[in-house]
Structure formats: structure tokens, C-alpha cells
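If you check TrEMBL, you get these features:
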- 15-157: domain 'Lactate/malate dehydrogenase N-terminal' (DOMAIN)
- 20, 21, 22, 23, 24, 25, 26, 46, 106, 129, 130, 131, 240: NAD(+) binding site (BINDING)
- 93, 99, 131, 165: substrate binding site (BINDING)
- 159-323: domain 'Lactate/malate dehydrogenase C-terminal' (DOMAIN)
- 189: active site, proton acceptor (ACT_SITE)
């Protein structure tokens with residue numbers, strides 16, 4: 001999946017920026033992006049250490065040029081001419097924290113970074129990793145609206161790690177190759193808003209209800225599993241970098257004209273009562289080509305959607321209100 005070989009020449013000239021490139025996710029994500037033939041220019045931004053990270057990555061024998069940018073005054077230069085911006089910036093969870101506990105710090109960071117994107121690369125695809133995604137995507141949308149450059153087809157909440165985890169856990173239980181398993185995960189990106197559609201898994205799999213309930217719970221709480229295992233040293237960084245890169249490569253492939261590229265992502269949506277919702281999306285040259293919707297689901301999955309909606313609505317409103325009340 002990560003070796004994007006055999007591509008049409010001339011199409012692989014993406015200019016990509018990583019905002020928060022020195023952090024736990026930012027560094028391995030930048031490494032994966034530098035390793036890809038889809039990327040011709042990689043610009044790295046953070047408030048510390050970016051010149052060093054960029055110098056280190058620049059020695060890798062792939063064609064992407066790498067440059068580091070440090071501090072808010074250098075941010076505009078980092079963003080100019082970018083086709084895609086991925087934002088892993090923010091603070092990670094510690095044991096006992098929910099993703100929502102990160103809200104105050106990360107909301108401000110995301111609002112400031114996306115305002116710079118709206119000013120300096122208004123046409124770029126924006127991929128948000130910074131948690132809580134259920135709120136940071138509404139924040140990004142409202143910031144772009146304020147600048148008068150909002151395009152809902154170009155703003156993505158990266159929920160790919162939920163799909164990656166679901167694929168891995170299902171494969172483990174069934175003795176399958178995880179690379180061949182695909183479980184759509186819909187809803188949001190926190191706790192019970194994460195809704196794996198095991199009934200839509202390819203290849204088709206069946207679990208008794210008690211095992212299905214346990215598996216679903218593990219997918220929903222997998223982030224917390226890593227936070228606990230890291231015992232205060234952070235949250236999922238390496239698997240998140242992999243998932244972020246997977247999403248970015250899918251989007252770049254689609255922008256290059258590859259057909260049939262589908263990824264789940266938390267986006268502006270009319271699929272439910274929620275104004276934002278993750279579902280499988282057909283990606284294209286201009287971002288979202290078509291929202292493929294929820295499709296046929298089981299009664300267990302239907303019940304999970306109903307239970308997720310109030311929490312999702314509250315997180316969305318919290319994000320929107322944050323931008324309304326900004327100075």
C-alpha cells in the first residue's frame with residue numbers, strides 16, 4: 001500500500017505540507033511522505049525542531065525536496081503553492097483523558113493553522129488529524145467560511161486509523177491477511193461515535209453477537225489501549241502516521257486521476273441528522289467526487305448510529321461555537 005510505484009509520469013508532482021511535523025505523529029508521517037514518489041515537494045512546519053527534522057529527511061534518496069519552517073512568521077511560506085496540507089499538530093492524550101479533554105488547546109492550534117491555510121493555499125486539500133476530529137473539522141470549515149474560501153469537498157477529518165484497526169483486528173480473529181480485509185468505519189472519531197460496519201466487511205465475515213460486541217468495543221477503544229500501554233508517554237503515533245499516509249496517498253492518487261479510490265473520512269454530510277459524518281467517499285481530482293453513504297446495515301449497527309448521533313451533534317456544535325466566539 002505504501003509503495004506507490006508504477007504511476008503515470010508527470011502526475012506525481014504534489015506539493016504537500018505537514019503542520020506539526022516535529023511531533024510524535026508528524027515525524028513518522030513526514031518520513032512516509034518523503035518515501036513516496038507521489039510527492040515532489042514536502043514542506044514541514046512546527047514551532048520547534050523543524051530545521052533539524054527537514055535536514056535529516058532531506059538526505060533520503062527520494063526525489064521530494066524537503067524544507068523546514070519554524071514559527072508563525074514562516075508559516076505562510078510553508079503553505080504557498082501547496083496542493084495538500086495535513087495537520088497532525090496539537091497535544092496528545094495522556095492516560096485518563098478523553099479526546100475531548102484536548103479541546104481547548106487543540107481547537108486554538110487548529111483554528112490558527114487552518115486560517116493560515118485559508119489565506120495562503122485556499123485551493124489545497126486539508127486533512128485534519130488533530131483531535132478531537134469530531135470538533136476540529138467543524139472548526140476548520142467555519143474558519144474557511146470566515147475567509148470566504150470554504151469548499152466542503154476539500155476538508156477531511158482523517159479517521160483512517162479506525163479502518164486500519166478494524167481491518168487488523170478482524171484479520172487476527174479470522175486468520176486472514178489484514179491487507180485484504182476492508183471494514184468501512186462510519187460516524188465519528190471518538191469512543192462510541194466510531195461505528196465499524198462489520199456486516200459490510202470484505203471478505204464477508206460472521207461473528208456471534210458476544211464476540212461482535214467485544215470486537216466493536218475494542219475498535220472503539222483502541223486508541224485508549226495504546227494510551228494506556230504508553231503509560232503517559234503519549235498516544236498512537238506510528239499507527240496514526242501510517243493511517244494518515246494511507247489517506248494522503250489515496251487522495252493524491254485520486255487527484256492524479258486514478259479511478260475508484262474510496263476512503264472513509266469525517267466530512268460535511270447529508271447522510272444523517274448530523275451535519276458532519278464519516279462514510280465511504282469516492283475521491284476524485286477535486287476532492288470528494290461522491291459520498292457513497294451508509295449502505296445496507298445490521299440492526300446492531302443501526303442502534304450504534306442512533307446512540308452516536310447526540311454525542312456527535314454536541315461535538316460539532318462545540319467546534320462551531322468555538323469559531324463563533326473567537327476574537
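Backbone N, Cα and C define each Cβ position, glycine as well.
The recorded positions recorded for this entry are 93, 99, 131, 165, 189, and the Cα of 131 lies nearest to that of residue 106 (NAD(+) binding site).
The average pLDDT computed over the domain 'Lactate/malate dehydrogenase N-terminal' (15-157) stands at 97. Of all residue pairs in the substrate-binding list (93, 99, 131, 165), the one with the greatest Cα separation is 18 Å apart. A 10 Å radius around the C-alpha of residue 99 (substrate binding site) takes in none of the binding-site residues listed as 20, 22, 24, 26, 240. In sequence order, 219, 222, 239 are the residues near residue 165 (substrate binding site), counting only same-chain partners six or more apart with C-beta under 8 A. Closest in space to residue 20 (NAD(+) binding site), of the recorded positions given as 93, 131, 189, is 131, taking the CA atom of each residue. Here the CA atom of residue 93 (substrate binding site) lies 11 Å from the CA atom of residue 130 (NAD(+) binding site). Within the group of recorded positions (93, 99, 189), the Cβ with the highest number of other Cβ atoms inside 10 Å belongs to 189.
Neighbour density at the Cβ, taken as the number of other Cβ atoms within 10 Å, is lowest among the binding-site residues 130, 240 for 240.
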